[in-house]
Amino acid sequence: MTMEHGEDCCVKVAVHVRPLIGDEKLQGCKDCVSVVSGKPQVQIGSHSFTFDHVYGSSGTPSAAMFEECVAPLVDGLFQGYNATVLAYGQTGSGKTYTMGTACKEGSHIGIIPRAMATLFDKIDKLKNQVEFQLRVSFIEILKEEVRDLLDPATAAVGKLENGNGHATKLSVPGKPPVQIREASNGVITLAGSTEVHVTTQKEMTACLEQGSLSRATGSTNMNNQSSRSHAIFTITLEQMRKADPIMTLDGMPIEEMNEDYLCAKLHLVDLAGSERAKRTGSDGLRFKEGVHINRGLLALGNVISALGDEKKRKEGAHVPYRDSKLTRLLQDSLGGNSKTVMIACISPADINAEETLNTLKYANRARNIQNKPIVNRNPVADEMKRMRQQIEYLQAELVSARGGVVLDDVQGLRERISMLEQKNEDLCRELYDLRNHGYTDPCEPELQKIGTGYTKGEGLKRSLQSTEPFDVPMTDSVRAGSPKDIDDEVAKEWEHTMLQDSMGKELNELNRQLEQKESEMKMYGSDTVALKQHFGKKLLELEEEKRAVQQERDRLLAEVESLNADGQTHKLRDAQLQKLKTLEAQILDLKKKQENQVQLLKEKQKSDEAAKKLQEEIHSIKAQKVQLQHKIKQEAEQFRQWKATREKELLQLRKEGRRNEYERHKLQALNQRQKLVLQRKTEEAAMATKRLKELLEARKSSGRDNSGMNGTSPGSHMTEKSLQKWLEQDLEVMVHVHEVRNEYEKQSQLRAALGEELAILKQEDVMSGAASPPRGKNGNSRANTLSPNARQARIASLESMVTISSNTLVAMASQLSEAEERERAFSGRGRWNQLRSMAEAKSLLQYIFNVAADARCQVREKEMEIKEMKEQMTELVTILRHSESRRRETEKQLKQREQAAVTATTSPGNGNGSVKHSADDSNTPLSPVAVPAQKQLKYSAGIVNSPSKGVPAFNKQHLKMVPMAQLPVGKKVSIAGQSGKLWRWKRSHHQWLLQFKWKWQKPWKLSEMIRHSDETMTRTRPRPQLLPHRPQRVM
């Protein structure tokens, strides 16, 4: 395989920020990674990084990752360029999901399925021009062993369970292991791996699925399906392009040497994630796998650091490819013959801030790696090209020999042929690129327009020929013209004729409408004339009637005048008028009477109506009264119920208020304690981080001084004290790194506890109406003890503390990352470069031995002290338990004595008996007795502090109530001997009863006690002596 040199290009780096997963949300994790809007820039804490692409979070959507990053690599694969897609990141950051390594048939999630689909789509488009061959291989690196995942024997072994419950894999006996080989041209190959020829996407997906099932996976605390190995899925594409044939002198093509071979590989790498044993909870086999994973990733990080350092690259520094099989296989992808895209998968959770920061740092270094991708051609193609040039040279010489052509002309022809071939190749390549990118010829729209115009012209011709009434005779001048002019004239005449026809039709339509309107107008005019004639006739008839009426009036007037002329008629008229007047007078009188009767009836009707109205009002008032009374009762009952409900609610609110106040104080105290703890831990972390930073800066400056000294005087060497000081400083740095690491772990645990409580409270807040709210680790539910306001206050306080803790974690992660990075730079051989002789090494080794011995002795002494303190603590715990049990027993007996005393003193008619029982019970070992003390009783014997007589010595003593068990033995004996006289004296004085009650009862019952004491003294008399035997205990 030969290679054509290309231009250098940098490794492209894309960052994929996955969202928070369910476990992280339950822990209350916050986003510690922010993406600058509109820019491929990521910020975490005080660090800022710029990459080629950023996906997820507030950056570019993840769906665009393939088109922007991987699709160009697939296109380059058809041009003969190798390509690599590398997924790197912490365990559980989404590498396998992003790559799609574990996809199944029909899935389109991930880079690998989409790459396969794009690859076969392009093959389908070019299969008529190029002959393709596809091969795939799938390997994994498990515990520094290369395993073939496509080998049927390996796949048939499957997974077995070992004693620890972990899944492991067995090797196939008799099968040689896969070996890494390097060809003469520097290409890395795998000897013994299986390469499967595929022709369809389904076959390739089946190979991927088979290898994924055989890959080593396991469950950890951070991921249920964690990849335990580095997986590399390789697609090899071979192309055979047909070139232009070479013609012989006889014009016959040479068929045997007209092909071009290209071979390119696409490596899709899914790395196992870096992990910490404390976070993953791995042990046994899982722990060993994690160690090998971290070792391979460390070697990869060293390779990235060596290639990304421009100074080392210019100096030609050694790149440790051979430190790991992973870096050995990725030698071409990192700094070699490949176009490489690195996808850094990160988690935005604050608990993963340190690992996220380290991933971003490695990805940032990877951007500085320079690759040199070149076109990979088959050696057969080179040989064909060489033979083609030789044939052309021989043909030119033969032509020159036969035709006597001058050699200079032959040379010129050769140059011209080379130039034309080069131009032809460029044109072919351009045509190939245009076809691949779906290029469209800009002349095609114009050709379509011309074709459309020509088709339209043909249609016009056919229409003109079919239109016989509009045929126009052609003149001689037209006949004599060219065919093009004739066609134009015919087209114009046909268009004019069609226009005239359309206009004629429009005019006919207008005439028809006009005639219709005129006929309507005529019809309306004839109707108007008929109406006019009708109303004229009516007017004439009315005039005739008017004249007839006037004539009748005149005739009647004449008759009246003729009647007035007759005298007899006049007398009769007078008589009739007189009679008429009399009748009119009677009518008037009757009308007046009628009017009076009507008026009386109206008044009676009014009075009846008033009475009826009053009766109705009375009934209405009575009904309203009954309703009002009923309403008053209802209102009173409702008010009583309302008042009772309100009082009940008020009591509940008061009780709730007291409970809330208690909860508030309790939460305030809890928040204050947690804030103090958080503040203390934060301050300790800040101090440790600050001290670590100072030590690192001091070591860095001392390292520069030492390097400068060594550079100025190569022969000089450090003194013994300088070496010891330097070693002490390095040990101090390691100790502080360990301290910061411990503080980081404590802060993480505190952060997890706060997050868990916050998640539980938020879930309870959402499900506050549920019957059984979720419980925490201690099994207690806060839903029954926290009110909504208290819960919200607690949530706000926890969110504030979680934010502070998250910021602290991010800052500590940044410092730890820097410390580990510097420690990595000083580790290995770099730490001991300052030693110049064996004597210095021996001296330093002796000093290290002394330091280790002293440390071991101090550890042993501390262990002995811890053991002694544990023993003392055990003894003190035992004593404390015994004391606590005695205290509980004492409190129980004291409570029983108090109940017995209260029962005895409050029983009516049994004052003496009560006093006797109480007094006799006081002789028990744990009963109170009167002994001298510095505290005096508030009240002396007697009623209302009356001075006591007859017993001055006893009343003047200072008394104190103490348990009998705390008295010495001699005191107990003396008290036992004097008890008879003492209690006889108490029973002979009834005033002691009041003093006893005042001592043990409630103060506000003093007046009742005094009255009861006076009544008791008047009714009872003291007995002459006490009974000799001890009475039973009053319970």
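Just so it is clear, glycine is given a Cβ too, placed from its N, Cα and C backbone atoms.
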- request: Among 121-137, 546-562, 665-681, 971-987, indicate the range for which Swiss-Prot gives the feature motif 'Nuclear localization signal'.
  value: 971-987
Message: Between the candidate ranges 458-479, 590-611, 766-787, where does Swiss-Prot place the region 'Disordered' annotation?
response: 766-787
- request: Give the range, chosen from 300-354, 850-904, that Swiss-Prot lists as coiled coil.
  value: 850-904
Query: How does the compositional bias 'Basic and acidic residues' (882-898) divide up by DSSP, counting helix, then strand, then coil residues?
result: 17 helix, 0 strand, 0 coil
Query: Does DSSP put Thr96 (ATP binding site) in a helix, in a strand, or in coil?
result: helix
Message: At 10 angstroms around each C-beta, which of the binding-site residues Gly89, Gly92, Gly94 has the fewest other C-beta atoms nearby?
response: Gly94
Message: In the three-state scheme derived from DSSP, which category covers Thr91 (ATP binding site)?
response: coil
Query: So which of the binding-site residues is most packed in, judged by how many other Cβ atoms lie within 10 Å of its Cβ, out of Gln90, Thr91, Ser93, Thr96?
result: Ser93
Message: Long-range neighbours only, meaning 6 or more apart in sequence with Cβ under 8 Å: which ones does Lys95 (ATP binding site) have?
response: Ala87, Tyr88, Gly89, Ser227, Asp270, Leu271, Gly273, Ile343, Cys345
